[in-house]
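> If you look up Swiss-Prot, you'll see Asp7, Asp9, Asp171, Asp175 marked as Mg(2+) binding site. The active site, nucleophile feature in Swiss-Prot is assigned to Asp7; the stated evidence is sequence analysis. Annotated substrate binding site per Swiss-Prot: Lys148, in sequence order, evidence recorded as sequence analysis.
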Amino acid sequence: MRAIAVDIDGTITDKKRRLSLEAVKALRGAEEAGVPVIMVTGNILCFAMATSVLIGASGGVVAENGGVLHINDEVRVLGDISKAEMAYSHLKGIYPVRKVQFSDLRVSEIALTRDVPADTVREALRDFDVEVYDTGFAIHLTDPSVNKGSSLEILLESMGIEMEDVMAIGDSENDLEFIEAAGFRVAVANADPELREMADYVTSAAHGEGVAEAVRRFMGW
């Protein structure tokens, strides 16, 4: 294993978005052992960067569900937000949808509060060129040409690391692509059923404690 790619919300944080100290300790330990940690999130870049700095992660950041990358001090916007904007314009004419806090900081996608069920949103947008993800924290309207998996591959290529040499850890449906592509797939105990089914290892602990469990197990600590 040459790198660890890990989701943030619901994976290293709990339902209230509190960061797990156990996860931080384990991920810092991996970094100290020479295994770079990569943040892979649906959240905005500045949030992901702050989390990365707090942990001491050196592997770069995939943000906005693959729509934005931070590689070697360079920010790359890969997702086309105009697709989400068109879909949102249509949607708000039908349902009382609202954008999440700090939406003005998103540059590749739109994230909505979960006031309207995700399946209802998907049905309403079936003729639009967007992907709809429900993370349990927000409903994301994204450019379908990018996702966490495809953007992680770009980041890893810059690091000279193959996907098969990565342990990926996640919890929700927007993690499916990058978990599926990784060499070793980990689902925390609170993960969605589909993610648990594809995982090579499902932790006994939930959220950040599950991340710590997986890292320690496969680092041989």
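Here the Cβ of each residue, glycine as well, is placed from N, Cα and C on the backbone.
Fair warning: this is a prediction, and the values are worked out from it, not measured in the lab.
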> Near Asp9 (Mg(2+) binding site), which residues of its own chain have a C-beta under 8 A away, given they sit six or more steps off in sequence?
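Arg17, Thr41, Gly42, Asn43, Thr135, Gly136, Phe137 - these are the non-local Cβ neighbours of Asp9 (Mg(2+) binding site), listed in sequence order.
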> Give the sequence-ordered list of residues that share a chain with Asp7 (Mg(2+) binding site), lie 6 or more positions from it, and have CB atoms under 8 Å from its CB.
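Listed in sequence order: Val40, Thr41, Ile169, Gly170, Asp171, Ser172, Asp175.
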> How many other Cβ atoms sit within 10 Å of the Cβ of Asp175 (Mg(2+) binding site)?
33
> For the recorded Mg(2+) site formed by Asp7, Asp9, Asp171, Asp175, which further same-chain residues have Cβ atoms within 8 Å of the site's Cβ center?
Ile8, Gly10, Thr11, Thr41, Gly42, Thr135, Gly170, Ser172, Asn174, Ala191
